[in-house]
Amino acid sequence: VLPSVCPPAGGAAAALQALNATAKFVATPEGTALAYGSLVFMALLPIFFGALRSVTCSKSKNAADMPETITSRDAARFPIIASCTLFGLYLFFKVFSQEYINLLLSVYFFVLGVLALSHTMSPLMSRIFPASFPNKQYQLLFTQGSGESKEEIVNYEFDTKNLVCLLISSVVGVWYLLKKHWIANNLFGLAFALNGVELLHLNNVSTGCILLGGLFVYDVFWVFGTNVMVTVAKSFEAPIKLVFPQDLLERGLEASNFAMLGLGDIVIPGIFIALLLRFDVSLKKNSRTYFYSSFLAYIFGLGLTIFVMHTFKHAQPALLYLVPACVGFPVVVALFKGELTEMFSYESSEEVLPGSPRLTSFPTVSGSPASLASSMDAVSMATGSSPRRRRLQPTSM
């Protein structure tokens, strides 16, 4: 399951909730408003920019940079896989030492987070560096075997600009490893969420409805039906949730009483919103009606989640409110405009070049650091497995 959508944020996950429940701190109205407002703002950033980048990503001619396509079969299996993973983590935390599990997870997310953040920063850095900057090209190649059985394990192409991105990202990664500071956590979390929205593509609206509907049930069951979601959310020390302190005004950057939002509650609706943006582009009407309607629906659904949670003082499954809003608003708009049939018949994969990998066909670890981060992030986000190796053709002398 996605590291950017990993339980408890995994398949759409742990609802907004105040952490450090054992603390006797009572948040002020100003601190609470600042925390929830910041969470909403941070949630909107990866959805908006990830959706925009998904349009460019779908038109990429570089096979290594192409997105992963989620089919209806993948969508139907996802809640089951997410449930098994979530419950497995719950049992792990009950049986084994939480300290050692989180140590392993920290190292894993350090590597993945550095690559994801580097991928996120890469376009910005390309604009910052002047044209006169000496940008040298490098390649790191590892192969296994020889002759016809020769396989490419890693083909890592990068340049000087990519090295700068990796260096900056590594500094953030070390900061996160050593301090587990909430700002470093959020930088990695935002990078994971943006990569997820950008690189995971639903092939059509029906698939999106299947995925969101399945995770709607998943989210409600694990939050209201059991204590599994909340337990894992509190035990899982990894940048798979955005956090913001409610006591920031009193304690500054050393604040420790957090409100949180699982990345699944960002990425899952986000990939559906990105699909609707690509549908807007396909209509060639110079309009973004469906994107803006679903984007506003997300704001409404997340605001409703916060309101209900704050009113009843209980953790809420955000998808309980986000799914009806994000699906219902665009459908109503399509009915009003008479484009419902067009919306449900739209195939996002038609705009991707032939040979684009599906979710069940993993990309190779090759290309630039941006494409390597894309490959590793998308693959791990899909199944937690390693990329498939590619067989090398022997060169003729």
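Don't overthink the numbers, they just go from 1 along the chain as shown.
Every residue, even glycine, has its Cβ placed from backbone N, Cα and C.
So that you can see what the record holds, here are the features copied from TrEMBL:
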{"type": "TRANSMEM", "residues": "33-55", "note": "transmembrane segment"}
{"type": "TRANSMEM", "residues": "75-93", "note": "transmembrane segment"}
{"type": "TRANSMEM", "residues": "99-117", "note": "transmembrane segment"}
{"type": "TRANSMEM", "residues": "184-202", "note": "transmembrane segment"}
{"type": "TRANSMEM", "residues": "209-233", "note": "transmembrane segment"}
{"type": "TRANSMEM", "residues": "258-277", "note": "transmembrane segment"}
{"type": "TRANSMEM", "residues": "289-312", "note": "transmembrane segment"}
{"type": "TRANSMEM", "residues": "318-336", "note": "transmembrane segment"}
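The stretches the transmembrane segment (258-277) and the transmembrane segment (99-117) do not meet in space: the count of Cβ pairs below 8 angstroms, excluding pairs fewer than 6 apart in sequence, stays at fewer than three. Residues of the same chain lying 6 or more positions beyond the ends of the transmembrane segment (289-312) and with a Cβ under 8 Å from any Cβ of it are 15-17, 32, 36, 39-40, 43-44, 47-48, 51, 265, 269, 272-273, 276-277, 279-280, 318, 320-326, 328-330, 333-334, 337, 343. The transmembrane segment (184-202) shares more Cβ pairs under 8 Å with 33-55 than with any other stretch in the list 33-55, 75-93, 99-117, 209-233. With a threshold of 8 Å between CB atoms, the same-chain residues lying at least 6 positions outside the transmembrane segment (318-336) that come near it are 12-13, 15-16, 208-209, 212-213, 215-216, 218-220, 261-262, 265, 268-269, 272-273, 276, 289-290, 293-294, 296-298, 300-302, 304-305, 308, 342-343.
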